[in-house]
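Student: The region 'Disordered' annotation in Swiss-Prot covers 45-98, 542-576. The transmembrane segment annotation in Swiss-Prot covers 234-254, 287-307, 318-338, 350-372, 386-406, 457-477. Here Swiss-Prot flags Asn263, Asn270 as N-linked glycosylation site. Taken from Swiss-Prot, the feature motif 'Selectivity filter' covers 441-446. According to Swiss-Prot, the feature K(+) binding site maps to Thr441, Leu442, Gly443, Tyr444, an assignment based on similarity to another entry. Residues annotated as phosphoserine in Swiss-Prot, with a large-scale study or a structure entry given as evidence: Ser604.
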Amino acid sequence: MGKIESNERVILNVGGTRHETYRSTLKTLPGTRLALLASSEPQGDCLTAAGDKLQPLPPPLSPPPRPPPLSPVPSGCFEGGAGNCSSHGGNGGNGGSDHPGGGREFFFDRHPGVFAYVLNYYRTGKLHCPADVCGPLFEEELAFWGIDETDVEPCCWMTYRQHRDAEEALDIFETPDLIGGDPGDDEDLAAKRLGIEDAAGLGGPDGKSGRWRKLQPRMWALFEDPYSSRAARFIAFASLFFILVSITTFCLETHEAFNIVKNKTEPVINGTSPVLQYEIETDPALTYVEGVCVVWFTFEFLVRIVFSPNKLEFIKNLLNIIDFVAILPFYLEVGLSGLSSKAAKDVLGFLRVVRFVRILRIFKLTRHFVGLRVLGHTLRASTNEFLLLIIFLALGVLIFATMIYYAERVGAQPNDPSASEHTQFKNIPIGFWWAVVTMTTLGYGDMYPQTWSGMLVGALCALAGVLTIAMPVPVIVNNFGMYYSLAMAKQKLPRKRKKHIPPAPLASSPTFCKTELNMACNSTQSDTCLGKENRLLEHNRSVLSGDDSTGSEPPLSPPERLPIRRSSTRDKNRRGETCFLLTTGDYTCASDGGIRKGYEKSRSLNNIAGLAGNALRLSPVTSPYNSPCPLRRSRSPIPSIL
């Protein structure tokens, strides 16, 4: 019993922290990296597939002799399914070492703190998220170990989702262009940021397309991004100045001091008394000022639409539509001012009404002030809260308008059946206005109850309004605070031109290799192995098949080979780079093979019946250990860093 228990124990050294558990514990989550590691170890309790049911293989009749050792496999390419698991001394090719305590030890160069939660998931069936670990790091570790993120417990789901909410909020606010670094990369970065790198690449090698490729992003950034250069800041200040002048002019046009009353009375032929007609004209000085502003806005609009990287998106933008609608009436008004027909006067009257669109230019200030952008994003993010507030108000208005109508009719006189003499609430629709004014605590005083029952309803209406409005407001305020803090944090983010790349390993490093292929193989983040493993395949295969007579069990037939569930959601673009101990001719990989990333289906201990799904099937090999279980290996979803 002691020997069986020692063989069942396994030690996992993750980032220098040793964890000890049993193989049966690791097998509780089939299809994950540790389950593949536990299943790949040669043992007498290996499983075989008999139809759709997994059955244990019978124990060997007699202890087989110990086979010759396999050649060591470089770290990062382990046949037992450990990903970048490295062994402490070879022992039967299992990638682990016999520990003095009786277990086998495997090393993973991963985050030790997160692995404690991962291993606890195997033990208890409940996956919790550590509060002191950044969300992307925990997500990356879950992907490496092949665990569904949807298995996170509901109590920790908000903690796990916080980083995604923050990333989505940060993506909303555009950061200024990075300053410094290699000047040769400016054009490529600008083209990539503006989304025109593909179009620029198709321009051809001629000089015209080359000049356009250089000019387009510069001109677009000059009028679109105030932080791209000093000239862009000057353009932004000029645009801001003309916006403020235009709005000021629009407001002053309504003042009596700038309105000139002209007599437009026309003589009436064959008439006795002509009708006096007066028109109000705006001071010509304000008209000239507005004309200068419109000329600037026209120039800015034309430049932006010409150098826009995406004309369709430019036209669909709401601010650009407002800009165009605010510019067009001025030119139509100038063109029709010389006409005296009735139709022209009607059109001019309509255009004067459309002038109010100019006030919407104030929203163009959102390009220059972060607070206004934060306010806009807060309003969009709080749509559900605003909808909830409207529903609450609508319910309250309907209820209290009905109550005030009947409450005021209680004291009506017998000779006044409509109660119109002693109350202003003659019908329920009139009570809607009173209920809205009361619930929003405005209290104009134009309508008020006059009976004791009506006063009681009015008091209840005011209290309900205060409570109703106060409930969604904190959520909206919290959204504004979150967006504003994230916007400030992104503005203060250190400006980096290039991502840090770790240096190549030194000659004294255990992962040092002489070729680039082996460097990728020995990386702690890599599963690609294309180098010297080819020289070990024939040797290992010959060792595994050299003593076929020692095994008491026949090799598995193809239908009986053990399937291993894999998912199509993990790293589809690297299917052809997986490194197995056997060559590609010795196995058949399903078209959707890969460690599942865990975005499609939740998996827990209650809904796992065994290994199912698409299979990775290996050729039958009879082992001297009398166990026909094939060697299996999963690949890491994390690409190589070297």
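Cβ atoms here come from the backbone N, Cα and C positions, even for glycine.
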Student: Identify, in sequence order, the residues in the chain of Gly443 (K(+) binding site) that are 6 or more apart from it along the sequence and have a CB within less than 8 Å of its CB; answer 'none' if there are none.
Tutor: Val437
Student: Applying the under-8 angstroms CB criterion, which one of 234-254, 287-307, 457-477 scores highest with the transmembrane segment (350-372)?
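Tutor: It is 234-254 that shares the most Cβ pairs under 8 Å with the transmembrane segment (350-372).
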Student: Near Leu442 (K(+) binding site), how many other Cβ atoms are within 10 Å of its Cβ?
Tutor: 10
Student: Excluding Thr441, Leu442, Gly443, Tyr444 themselves, which residues in that chain have a Cβ inside 8 Å of the centre of the Cβ atoms defining the K(+) site?
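Tutor: After dropping the recorded site residues, what remains is Val437, Thr438, Thr440, Gly445.
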Student: With every protein chain in view, what's the tally of Cβ atoms within 10 Å of the Cβ of Thr441 (K(+) binding site), excluding that atom itself?
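Tutor: For Thr441 (K(+) binding site), the 10 Å Cβ neighbour count is 10.
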Student: How many of the residues that make up the motif 'Selectivity filter' (441-446) does DSSP mark as helix, as strand and as coil?
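Tutor: Its residues fall into 0 helix, 0 strand, 6 coil.
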Student: How many other Cβ atoms sit within 10 Å of the Cβ of Tyr444 (K(+) binding site)?
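Tutor: Around Tyr444 (K(+) binding site), other Cβ atoms within 10 Å: 10.
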Student: Taking the motif 'Selectivity filter' (441-446) alone, what is its mean pLDDT?
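Tutor: That region's mean pLDDT is 86.
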